[in-house]
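Novice: Dumping the structure here so I can ask a few things about it.
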Amino acid sequence: MRVLGIETSCDETGVAIYDQHKGLLANEVYSQSELHADYGGVVPELAARDHVRKIVPLISCTLNRARLEPKNIDGIAYTAGPGLMGALLVGATVARTLAYAWKIPAIDIHHMEAHLLAPMLEKKVPTFPFIALLVSGGHTQLVSASNIGEYKILGESIDDAVGEVFDKIAILLGLKYPGGALLSKMAQKGISKRYVFPRPMIDRPGLNFSFSGLKTCTVNTIMSNSHDAQNCADIARAFEDAIIETLAIKCRRALNQTGLKCLVISGGVSANHALRSYLLKMMYTLQGSLFYPRPEFCTDNGAMVAYAGLIRLKAGLFSDLPILVRPRWSLEDLPRIKQSL
């Protein structure tokens, strides 16, 4: 079975083709970063309009890259949520239209499940059950994954998502949007512990996160100090250290509470090298394993959607429902299936 995956939940247009036996055949991503840079964040209306302009040419490009024709595609998977309503509707409409024209099934995919399964695209893959830390611009969640479709949200951010805070602080430090990766690069030049920021909610029971207080503390520090290169780097280092240590403490707590030894990190922020290094050391001391996708599969992409779609289509979970998207959609609402690959 070959599945065409379409991702349009936010500001990346992603299209990929995944083959059950040969793996990933093609993966194309168009980023709207430059389009939204002047606004300091994603503008939903602009995002949707740009998806409309780019998605059909990108599908043609992906088919050509894989040297395939529509008749060689057995199913279509598309991100139906969570995400921006207008952006989601573009991908869903195109996917359902092509499925009808090509006479093949289509399946709606949960964006965060696709991220959770992204490490499965690598040669070394995790096995269920495991704890997943999903960190992106819109989500910060700790999830217990017992099987595909069997998820329990152990904790999540009660305010800002990690990626969102990274981008906001990066802008205040004079970096361009999206600035998460640029902030991390700046932090490498920072002096450790010149500034020390709070690790929010680590002394409270439970696994929820809160980053609004850390954001406010960092903003106040930026505003009340000089903006020379070294000082900005020191602030970036303190901010990143606080984020990473907070995430790690909650991950360790989740592993201890569940007795699991396998941790998966995915989502855009999981590409952060400092976060990966910290968690690798932590899992080594815990005699556990850490899994994460390569950087191009951390950010939004069609490959993870195609893979998730393959699993669900093989389980017979396609539907002929009209175009439907869910801007808000919990992982816990997904149907459970047995892993069949």
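A Cβ is built for glycine as well, from the same backbone N, Cα and C atoms used for every other residue.
Keep in mind the model is a prediction, meaning the values are calculated, not measured.
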Novice: With His111, His115 listed by Swiss-Prot as Fe cation-binding, which of these, Asp300, Asp320, Asp333, is given for the same site?
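Specialist: That Fe cation site, as Swiss-Prot gives it, pairs His111, His115 with Asp300.
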Novice: If you take the centroid of the Cβ atoms of His111, His115, Asp300, the listed Fe cation site, which other residues of that chain have their Cβ within 8 Å of it?
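Specialist: Nearby residues not in the site list: Glu7, Ser9, Thr79, Met112, Ala114, Ser136, Gly267, Asn301, Met304, Val305.
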Novice: So if I draw a 10 Å sphere around the Cβ of His111 (Fe cation binding site), how many other Cβ atoms end up inside it?
Specialist: 28
Novice: How would DSSP class Gly138 (substrate binding site) in three states?
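Specialist: It is coil.
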Novice: Going by Cα-Cα distance, pick out whichever of the binding-site residues His111, His115, Asp300 is nearest to Gly137 (substrate binding site).
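Specialist: That would be Asp300, nearest by Cα distance.
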Novice: Using the residues the record lists for substrate (Leu134, Val135, Ser136, Gly137, Gly138, Asp167, Gly180, Asn272), what whole-number Å value is the largest Cα to Cα distance?
Specialist: 17
Novice: What Cα-Cα separation, expressed in whole Å, is found between Ser136 (substrate binding site) and His115 (Fe cation binding site)?
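Specialist: Ser136 (substrate binding site) and His115 (Fe cation binding site) have their Cα atoms 10 Å apart.
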